[in-house]
Amino acid sequence: MALPQAATPGLTRPRRLEGRLRPLALRLTALALCLVAGAALAEEAPPRPAPPAVVSPPAASEPGDTSLSPECRVPGSQLYTLARLGAVKAALKEKRPVRVLSIGGTSAGLGASSTYPVKLETALERSLPDVDVVIEARGLPGEIAGDAAERLRSIVAEVEPDLVVWQVGTHDALARVELSAFAEALDDTVRWIKSHDIDVVLVDPTYTASLATDAYYTSIVNAVREVAVREKVPLVLRYEAMRYLAGRSDKGAEGHMLGRQFRINDLGLRCMAEHVTRAITLSLLQPETTGGTKEPPALKAQGRGDGAGDGKAETKPGPH
Amino acid sequence: MRDPNAIDFWRGLALVTIFINHVPGNTFERYTYSQYGVSDAAELFVFLAGWSIGIATRGRDGTPEPGGRSVLRLLSRTIEVYRAQLTVMLMALAIIAGTALLLDNPLILEWHNAGGFFADPIQTVVGIVLLTHQLGFFNILPLYVVLLGIAPFFILIARRSRVAALIVSGGLYLISLVEEWNLPSWPGQGDWFFNPLCWQLLLVLGFVLQDWNRESDTLRRWSRRLFPLGVALVLLGIGLALFEIRPDPLRVPEPRLLFTFDKTYLTPARLIHFLGVLLAFGPVYGLIAPWIGWAVAYLTQLGRNSLAVFSMGSILSLGGQLLRFWTGGGFLTDLCILCLGLLALGYTAWFVEWRSRKPRPRV
């Protein structure tokens, strides 16, 4: 365990994974240049500085979703799985305001305009022109495997929303509750919300490097995915999206006095409203007949040190 | 230092239960009585607070102290509890932030409502001082501050008429349930986790029943007669908890809070279950105390120093949660947390009593 180092974007000191990441093309280009300049000169040339630690984005062929702001751009396959949102569609058809209950995690709905619920309302209203979106935001202290499931039912009964956007799993993961208890309670609660003709969008827990190798944490993220698939509700792949953003170049990004993970976490909070809005608006385009969600591939906890092997993960393992 | 008694014993038990239940997911949680009923240790804690106010605002011979003195006494206690809340909140936020830094894990900042503070400290620090921003598991003391703050009002009414105090308190409770009144959270939306407008009934009930119990043995006689009803309610609570039977808040008739099992509003089902627990367990202390002297000594010492023990328990349970997260949990970790926690709670109680016995140093 150590205190995190300050982020140093574009840093050039040798890194463990650098060798694997340095593209072959770069070396070939260097060789060609050397040939042009003459062999003797090439031999005396100072060693080429190591390129900044850029991890190529996964599924290189798939571009980031351009409807998102550049800093939040993630390919769709790593951002959401879609499903029908019947209750919201009905509200749109009836031309009445859409009531959204944003719950859990950072949903406490603090008043500042930069906070997630305010951003979510703005982003949804921008994406759904001429629609009035009313966000009710609530924190949800406690674990779903514990009392929070009951508390959530009371809040839903109180607010009577058309849609519940639920950031789920963080508290249970922090409490390391039994995985099966978490999955069962989550499934029960989602089924209960749906049984009252209220739509649900799940948001899985975020990614951070120090938990990339934590099999339990990954299982919690997978459990959320499984419930989303089973209950046919849209899912914002917050973990996957943040892993993608974490793997992008630091070039041009501002530093963070508390280190890289904290900067990425801030970025995640800034992007969440956009990501959730994207999943909702695309889910609204789902045809009536299809109800199923395409199952995202299950996550595996990364072995220590092999994080960048699949091109998605951190190049710099978090200090332990 | 007062002698061991049933009130301090049960309060000590409530404190230990709250400590264990505030480390969610731990192995020993399933052995606490909170898991086997509709109500839990919070009800016991608040009811006993009311009962203790009854004892504290009268002399040994039962004559009430002057009204002004009681008001000052409660005001002073309110300030003490408020100070404790601010201290534990600050420590909790520092522990959360410190752990996030040490483990290089910003996820920890999202711990039960703490994210609000780290995302928006300007408004949230004001909310903390106003008690309108509460962390999960740190929401009993704000309730207690408000209850102690309004207690003089009910006590002064009860001095004239206990029935009048109960009517005013019950009326406020009912109207809050029907109209869904609660104190607001700020910054942000939502309400208090423990609604003082409803939970005040339990405090007033504790205070009034203590007064009645002191005056005549009618209450004791009736509790003996109603003992089987208490046992039946406890058994019913066990059945409902084990089979997870509870009303669906979207299917019950209006006003829905009269029918649900909601903790925030202390709904009637929780209140009735708690009264059943009181009836069933009221006589138990007298029966078991001679056999478990060590436990009585330990729990009554905790009960005598409830504020310090509760505050320390809140911090320790947060530490326990973070330790479970860091180590991955497991039986051994849970056992360590339980043993160290119980030792630390006992030490806190002992230390407070030791300090009160020592002459204060002149600085």
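Note that Cβ sites are derived from N, Cα and C of the backbone, with glycine treated the same way.
Quick look at what TrEMBL lists:
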type	residues	note
TRANSMEM	B:81-103	transmembrane segment
TRANSMEM	B:135-156	transmembrane segment
TRANSMEM	B:163-181	transmembrane segment
TRANSMEM	B:193-213	transmembrane segment
TRANSMEM	B:225-243	transmembrane segment
TRANSMEM	B:271-300	transmembrane segment
TRANSMEM	B:307-326	transmembrane segment
TRANSMEM	B:332-352	transmembrane segment
**Message:** Using a cut-off of under 8 Å between C-beta atoms, tell me which stretch among B:81-103, B:193-213, B:225-243, B:271-300, B:307-326 contacts the transmembrane segment (B:332-352) the most.
**Reply:** B:307-326
**Request:** Go through the chain and flag residues at least 6 beyond the ends of the transmembrane segment (B:225-243) whose CB is under 8 A from any CB in it; none is fine as an answer.
**Result:** 35-39, 272-273, 275-283
**Message:** I need to check the long-range neighbours of the transmembrane segment (B:307-326): which residues 6 or more away from its ends have a CB within less than 8 Å of a CB in the stretch?
**Reply:** 12, 15, 18-19, 22-26, 80-81, 84, 87-88, 91-92, 95-96, 99, 103, 108, 111, 137-138, 140-141, 333-334, 337, 340-341, 344-345, 348-349, 352
